[in-house]
Amino acid sequence: MVTLIHTLADHSNDVNYCAFSSSCLATCSLDKTIRVYSLNNFTELPYSPLKGHTYAVHCCCFSPSGHVLASCSTDGTTMVWDTHDGRMLAVLEQPSGSPVRVCRFSPESTYLVSGAADGSVVLWNMQSLKLYRLGNVKDGSLVACAFSPNGSFFVTGSSCGDLTIWDDKMRCLYNEKAHDLGVTCCDISSQLISDGGHGFRYFQMASCGQDNQIKLWLILFADFLGVELKYKCTLNGHSAPVLACAFSYDGQMLVSGSVDKCVIIYETSTGNTLHTLSQHTRYVTTCAFAPCSPLLATGSMDKTVNIWQFDLKQPCAGNTVENESKVAVEDWSEDDVSAWLCAQDLADFVGLFKMNNIDGKELLNLTKESLTNELKIESLGLRSKVLQKIEELRMKMISVSVTIPDEFLCPITRELMKDPVIAADGYSYEKEAMENWISNKRQSSPMTNLPLHSLMLTPNRTLKMAISRWLETQQK
């Protein structure tokens, strides 16, 4: 069942695109603005709308972390915004000055692709915010783009109907005539699938076009075989050109929007239609699934964005706390790991972890080296965040499975201390917990309630070493 729970009607012209992060929804429009909403209550963030483009905004997308938003426009630029405060971080000008129709971040935020009406494709280095590679499709305007979950390649779609596969060096690996009247959109599922019992695993891609069709494809990417694109099937249901498509984060559903004003949700394994939504009064131009909640957004030329809630269970919508309590982490399935990633605000790694078959046991064995060399996570900040969350998970496992000596627990949080400090009352506390206690203008002891004669906190290195030795004995 799918229920319409909210309608956003803030744009003054056609809505061209919408995109989710784990906490926000961004929408862009012919009215030259980008609007950003909180998923908590769908209220617009204080810095919204974002204004800077001088013509229609065609596309917007969040970086994997959700900290950065990109938007592109008829004005020939792709703008990069800070999602914390709405600051404009960069204006990336398409070398040809041609209208930019689509933009996409790579899975690790290393690159940003921008595609333009003259067929130019630019790969921007997001660290330097400089042009890294430039290419061109052979015919038509570039109107669609999607990255593989591992970032090893991306696909573009053109108005002449071609799908082109590129590697991260902007080398053209494959080209296929997919839709006779032109491609309008494409998306790649984060869920890998097996095919034909040959031992290969494939990325699944959907493309839609002016021919009223949605086509499903299988992409095999292997160093020793190169790239193989195989047609799988065609999904029918729309009676007019299909303008948008998107996979759910578990790959089990595909949503599409059309000139016929309808939104159709398909089951990808069977191709069956699950739901048809027909509340929009004009062309449906965009649709997107949220990564960590059972939400779907659809945007239209009727100037509105509809927010839908569905009760079909996705891994990201699962109850991670319940899973953790009932199933040992070592016994987690890949779906359990996906749910955990979403709960830790790491939803953008779901596809990468699934592709590498990371279950609970593999998760606990991940190291800085394996994240760098095997999973190819280039960003130091993202690697550190993943490792920190894994370490917190290990600590939680220890606290559940054994009795922790009371002197190792912070009196404030009652959790195992990682950075113990001694306060003026002579007791040891977790540093962050005690700093928060003091910052809230409490100048009394958490243990005795007597005034603290000093707010100085001294590292308790002896206790920290004792906790480390105890942890080592528990992990053997």
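Keep in mind that glycine also has a Cβ here, set from the backbone N, Cα and C atoms.
Features of the protein shown, as given by TrEMBL:
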- 50-91: repeat 'WD' (REPEAT)
- 93-134: repeat 'WD' (REPEAT)
- 146-167: repeat 'WD' (REPEAT)
- 235-276: repeat 'WD' (REPEAT)
- 277-311: repeat 'WD' (REPEAT)
- 332-396: domain 'SAM' (DOMAIN)
- 403-476: domain 'U-box' (DOMAIN)
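Nonlocal intrachain contacts for the repeat 'WD' (146-167), taken as residues 6+ away from its ends with a CB within less than 8 angstroms of a stretch CB, comprise 104-108, 110, 113, 115, 119, 121, 135, 137-140, 173-188, 190, 192, 203, 205, 207, 209, 217, 219, 221, 227, 229, 351-352, 354-355, 376.
Per-class residue totals from DSSP over the domain 'U-box' (403-476), listed helix then strand then coil: 27 helix, 12 strand, 35 coil. As a summary of secondary structure, the repeat 'WD' (235-276) carries 0 helix, 22 strand, 20 coil according to DSSP.
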